[in-house]
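Annotation comment: Swiss-Prot describes Gly8, Ala9, Ala10, Gly11, Gln12, Ile13, Gly14 as NAD(+) binding site.
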Amino acid sequence: TVKVTVTGAAGQIGYALLFR
């Protein structure tokens with residue numbers, strides 16, 4: 001669903017920022 005896609009995108013962004 002769209003919700004899963006949005007959550008996945010947010011997770012990827014958060015992960016990237018966390019290990020920036």
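Cβ atoms are placed via backbone N, Cα and C, with glycine included.
Overlay of Swiss-Prot feature records on the structure.
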residue : record              : CB count, 10 Å
Gly8    : NAD(+) binding site : 10
Ala9    : NAD(+) binding site : 10
Ala10   : NAD(+) binding site : 10
Gly11   : NAD(+) binding site : 10
Gln12   : NAD(+) binding site : 10
Ile13   : NAD(+) binding site : 10
Gly14   : NAD(+) binding site : 10
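Mapped onto three states, the DSSP output places Gly14 (NAD(+) binding site) in helix. In this structure, Gly8 (NAD(+) binding site) is part of a helix by DSSP. Same-chain neighbours of the NAD(+) site beyond Gly8, Ala9, Ala10, Gly11, Gln12, Ile13, Gly14, judged by a C-beta within 8 angstroms of the site's C-beta center, are, in sequence order, Thr7, Tyr15.
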